[in-house]
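Here is the structure we will look at.
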Amino acid sequence: MTTPENHGGPAAPDGRGEAVSARSGASARQMSGGSKPGASRSGLRPEWRYSLPLFILGASWGLQFTLLKIAGDSDLNELAILTIAMFLLACAYLVVMACKVIWFRPSLSHLWFFLISAFFGFVVPLGAVILVAEQLSAGLIVFFESLTPVLTVVIVLLVGTERLNAPRLASVTLGMIGVLLVLWPDLTSPGSARMESLLLALIIPLAYAIDGVYVAARWPSDLDAFQVVTGEAIAATVMLLPFFLWQSFSSFEAMAALAAPWLHAPWGWGQWAVLAFVPVSFLEVYLYFYLLKQAGAVFVSIGSFIALFGGIFWGMLLLGERHSATVWIAVLLVSCALYLANFRATRPGEAKTEPAVVRVSD
């Protein structure tokens, strides 16, 4: 998702000084320059004052996928889950725009940007999460999503916007090894029921990586973060709504089957999970851009690690999930890959700077 987390996620700096979401996700063009803050009198870097919001950001990011896992595990229609979640999220963003009075008239280029970024930042990855929810644990879903920075490195290297160096090569290598460790038991077991879901789960980080690179390159300079994420949420809803309505009105029985779970009490865990997804995602988006503005993209990128372990924690706490030693080794390898993907080397004697932050309406 493109969030005020990614969309959907903690940011990883790219080589051009733009903040690219490590999830979905969301990317933002830098709006002004800035040097790395100095140490405080106590010796603690000023941005570490924001450690609690950063922890909440990572935890809420990981919780989103657990909530979608709960919804996808229920007997709710997958298209209904995604459409209703996006509609409610778009409404929440519109309320913020109304309160801030930051309405704008979108141009044709804005509309194309919203459609493309919504497709790769919301529709494809979140749809894939819901589809694999029955076969994969929440921890594994978050594991695959956490590969976004690694695949982002692969994409920028392929398109030639970044140069290959040792940290990036090591990041891609460790990420691939981590994925193979997770896939290997199913690859060596003919007829494995999970294999299709595991391969489908790889679409999640791929879509977020494409979205991050695209948004970083095409971010509208005349729009702020909430305007962009609102436009994306509305675009995602508009894309999904025709399919939802077509499925709903294809027959009376189909309409009744889709509407019944939402209109009749008591609600099950699936309906409540969809409803909870909206404020959790909104909080994540708000904290993402708040921290990006206050502490910089390098600090926010630490949230990638919190989100990875946070997602696994939520799955264990809420769903009673347990993971094998192989999965934990893969998680550690991907954690190293995340660090290397966010690694920015500086030449001897050159100051290391924070990427500039995005413009966020006050």
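Glycine too: its Cβ is placed from the backbone N, Cα and C atoms.
Quick look at what TrEMBL lists:
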| type | residues | note |
| --- | --- | --- |
| DOMAIN | 54-183 | domain 'EamA' |
| DOMAIN | 198-342 | domain 'EamA' |
| REGION | 1-43 | region 'Disordered' |
| TRANSMEM | 50-67 | transmembrane segment |
| TRANSMEM | 79-99 | transmembrane segment |
| TRANSMEM | 111-132 | transmembrane segment |
| TRANSMEM | 138-159 | transmembrane segment |
| TRANSMEM | 166-185 | transmembrane segment |
| TRANSMEM | 197-217 | transmembrane segment |
| TRANSMEM | 229-249 | transmembrane segment |
| TRANSMEM | 269-291 | transmembrane segment |
| TRANSMEM | 298-319 | transmembrane segment |
| TRANSMEM | 325-343 | transmembrane segment |
Leading contact stretch, 50-67, 229-249, 269-291, 298-319 vs the transmembrane segment (111-132) - CB distance under 8 Å: 229-249
Folded-back contacts onto the transmembrane segment (138-159), same chain, C-beta under 8 angstroms, at least six residues removed: 9, 12, 14-15, 20-25, 62, 65-66, 68-69, 125, 129, 132, 168, 171-172, 174-175, 178-179, 182, 198, 201-202, 204-206, 208-210, 212-213, 304, 307-308, 310-312, 314-316, 318-319, 321, 323, 327, 330-331, 334, 337-338, 341-342
Reported mean pLDDT - the domain 'EamA' (198-342): 86
Positions on the same chain near the transmembrane segment (166-185), where near means CB under 8 A and six or more residues out: 140, 143-144, 147, 149-151, 153-154, 157, 192, 198, 202, 326-327, 329-331, 333-334, 336-341, 343, 345
Cβ-Cβ under 8 Å with the transmembrane segment (79-99): same-chain residues at least 6 beyond its ends: 68, 71-72, 122-123, 126-127, 130, 226-227, 229-230, 233-234, 236-237, 240-241, 243-244, 247, 258, 262, 270, 274-275, 277-279, 281-282
The domain 'EamA' (198-342) - residue tally per DSSP class, helix then strand then coil: 121 helix, 0 strand, 24 coil
